[in-house]
Amino acid sequence: MAEADDPQDIADRERIFKRFDANGDGQISATELGETLQTLGSVTPEEVKYMMDEIDTNKDGFISFQEFIEFARANRGLIRDVAKIF
């Protein structure tokens, strides 16, 4: 059985997604991902591409909210750390 989503985790995911989705169109582009990650420190274009490849499971060039949720569920610790920053 899958682990239930904690209400705080859900709120954190929504807040983080909105932070990355700078133009508010409901999806995260590689540009938005890179620009937001730059606020956390140096990130290379190769690192952004790798992250896009990992999270963008349908390969349309954007991270949808559902793709982000699936990534967040698989990486709960990482998302909690990111939530502390944002």
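Just so you know, the numbers here start at 1 and follow the chain as drawn.
Any Cβ shown, glycine's included, is placed from N, Cα and C.
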Candidate sharing the Ca(2+) 2 site with Asp56, Asn58, Asp60 (per Swiss-Prot), from Glu47, Glu67: Glu67
Gln27 (Ca(2+) 1 binding site), number of other Cβ atoms within 10 Å: 19
Distance [Cα-Cα, Å, rounded] between Asp60 (Ca(2+) 2 binding site) and Glu32 (Ca(2+) 1 binding site): 15
Integer Cα-Cα distance in angstrom, Asp21 (Ca(2+) 1 binding site) to Glu67 (Ca(2+) 2 binding site): 13
